[in-house]
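Comments concern the structure below.
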């Protein structure tokens, strides 16, 4: 029986992940992330029925021209690996010449990895500006037991990695919303960064932003220098909620006024929503449990579902 369940677990780990509704941008991408998922699921079911994992190793179409493409995987080379916290890294990839990924705000790209000869795919959102020339950057948290993490942890400068996309995104338009309230847990910060940057880079954009970043401890806040820079803009406020810190006394004084300890709960949500300068439109990104909790607290704070977007 044990062998049976190990085998089942192996197959489950290889099953393609169903995209969440928010990963579909609704703009009719071809192939839509769901089309790709259906195709990969059929391939996985066929391989599982025949108990033949080699069927998952079929050559995926690959493109050698360095244009990002939703249909085929394109090779990009790693130019920098920077460890941010004990389990989170920032990776920089080269783009040929001064080319750009030309991503819309909050769009994600899909990484393909091969672990023990088996293929895994995961979606990540670049944190570099969508029009950054000659490079793009991705923030990735590695998990001890994660299949993809085992592959990512081996990356070093000069390695070649395959990406496909872009997909999804948040249809942001300048001054469309009076205030954006961004609720991000851990690497859920990633899709918020390009939107924040586009607002601060555009002198005509007068959108207020309140970003709430949820992390376990002060040490585990990513991209502190960048966030500190953004918080200097007149229309940007940044708060931190640290679930494993018990006291604010050890924090640098510049963080003490903008940091809460414990969890982002219903009461704190009401306080934050009430402190917004205008009625906020809310962007949420984190684990599915985090996203569900936030939606519930927002409802209690009087924010309707049609005023929220979940990445």
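Numbering starts at 1 and runs along the chain as it is shown here.
Each Cβ is built from the backbone N, Cα and C atoms, and glycine gets one as well.
Because TrEMBL annotations are produced automatically, they should be read as predictions rather than curated entries.
In TrEMBL this protein carries:
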type	residues	note
BINDING	122, 124, 139, 141, 148, 149	FAD binding site
DOMAIN	71-173	domain 'FAD-binding FR-type'
REGION	1-20	region 'Disordered'
Point to revise | For residue 141 (FAD binding site): intrachain residues, at least 6 apart, with Cβ closer than 8 Å | key: 87, 88, 186, 187
**Study point:** Cα-Cα distance maximum in Å, computed over every pair in 122, 124, 139, 141, 148, 149 that the record assigns to FAD
**Key:** 14
**Study point:** Per-residue Cβ crowding (10 Å cut-off), top of binding-site residues 139, 148
**Key:** 139
Exercise for review: Give the number of CB atoms, excluding that of residue 149 (FAD binding site) itself, located within 10 Å of its CB.
Suggested key: 18
Practice item. Inside 10 Å of the Cβ of residue 122 (FAD binding site), count up the other Cβ atoms and send me the figure. Key: 17
Study note, to complete from the structure: Taking the centre of the Cβ atoms of 122, 124, 139, 141, 148, 149 as the FAD site, the remaining residues of that chain with Cβ inside 8 Å are 111, 138, 140, 142, 146, 152, 187
Review point. Residue counts in helix (H, G, I), strand (E, B) and coil for the domain 'FAD-binding FR-type' (71-173), per DSSP?
Key: 6 helix, 49 strand, 48 coil
Exercise for review: Measuring CB to CB from residue 124 (FAD binding site), give everything in the same chain under 8 Å that is also at least six residues away in sequence.
Suggested key: 108, 109, 111, 138, 139, 140, 190
